[in-house]
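What TrEMBL records for this protein:
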type	residues	note
COMPBIAS	291-300	compositional bias 'Basic and acidic residues'
COMPBIAS	316-334	compositional bias 'Basic and acidic residues'
COMPBIAS	342-351	compositional bias 'Basic and acidic residues'
COMPBIAS	352-367	compositional bias 'Basic residues'
REGION	289-367	region 'Disordered'
REPEAT	53-92	repeat 'WD'
REPEAT	93-134	repeat 'WD'
Amino acid sequence: MQDVQIEASFTDNCHSGCVKCIAASEKGILATGSTDETIRLLNLRKMRELGSLVHHNGSVTSLQFHRGFLFSTSDDGTLCLWRAFTWECMRTFKGHKSEVNCVSVHPSGKLALTVGKDKTLHTWNLITGRSAYISNIRKRAELVCWSPNGDNYVIVINNEIDVYSVETAEDDVLCYGGEGGDLCFHDISTNMPLHTCETKTTRIKGLCVWKHTENEKNETQIAVASSDGMIKLYRADVHEKKITTNLLTEKSTGFRITCMAMFQHHTKKKRKAKKANTSGVVEDNVTEVTDIVKSDKHENTGMSEESPKKAKRKAGKSEGKESSQKKVKLESKPENSSPKVVSKESLVKVTDKKKKKKANKRAKIAS
C-alpha cells in the first residue's frame, strides 16, 4: 500500500430526506438529489452551499453534469435540463409513463438516454429538444451509461448487464461491481472475464474510474464505495488485456454510503500561470484604451494630425485678438491661505458712508 490518504474535508446536512444521487462538475460544483424532491448545490472549492433547485414533484433519482449543463431525472417521470451557474430550468422532457431511474448523456452532447419503470428506453435529441425514438426493454432497467468514446452503452437490469454497440468500439473492457463486493473486469469483444478483484466489502454502491495523467505514466485509478461505509482506492494496470489491481488506500466513513462522485482538484501552480497571463492581457487593453482616448480628444477639439498648419493659423489669430483687448491678471490664491478677517471699525466706517450718501440725496430732492 502506497502513501496515499483519504480525508474528509467537510460535511453538510442540507437534505431532509435520503440522498439518492450525486454528481460533480469539472469546475467544482457538487449537486445532490434526495427524496425531499430538491437538488442541493455546493461549491467544492470554497466549501459552501450555493442553494437548492425545486422543480420536480418526486424524488430525484439521477444527476449528471455535461459541459455547462446539469441533467436530472425524477419519480415524476420527467427529465430536466438546467443551465449551470444561472440554474435556470431550460426544458422539461416528458415521455415516460412512470418513474425515470437514470439518465446518461452522449459524450458529444447531442443525445441522451433515459430508462424507467415503464420498461422503456428513451432516446432524446438534445439539439431539437424532442424524443428521437422509444425502445421496449420488457424489463425494468435501473441504470444506463454511455462508454467514454460513445460507441457503446450499457443497461443494467437486476443482476444482468446488457451491452449495446453503436459503432466499432475501441475501449472494450467493462468494469462493474455490485452484490458480494467483487470488482469485475469483462472483455466485451470476446465476452470473457478478464480479472476479479476482491474488495472484502458487502455491497458496492459507487464506482468511479479515471485516468491520472499528471505523472508520466498514465495510471488508471478506481474508487470504490460500499454500503458498509468503506471507500477504497485501487490502481489498475492494463497490459494486452491482462489486468492487475493494487490497493492504494482505504478509509472508513462510519456511515452508510448510497452514492459517490469524483471531482479532480487543480493545483495552485496552474492558477498562478493563469494570473500571469491575465496581467499581460490587462496591459494590452490599457494601451488600447489610451489610444482610443487620445483619438477622442482630437475629435472633440476639432484638431487632426493631418492639418497642423491650420491649427497654427487659428492659434495666431486668437493671440492677436487677446493682445488688442485689455489684459486682466488673475492672481491665484494658495490652497492653504487663511481667510481675511474684517474688523468692526471698518464695518462702522462703511455704514457711516452709506448714511451720508442717503442724507445728501434727500437734501437735493428737498431743495
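Placement of Cβ uses the backbone N, Cα and C atoms for every residue, glycine included.
A TrEMBL annotation is a machine prediction, not a hand-curated record.
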Residue counts (helix, strand, coil, in that order) that DSSP gives for the repeat 'WD' (93-134): 0 helix, 25 strand, 17 coil
DSSP-assigned states of the repeat 'WD' (53-92) in counts, ordered helix, strand, coil: 0 helix, 25 strand, 15 coil
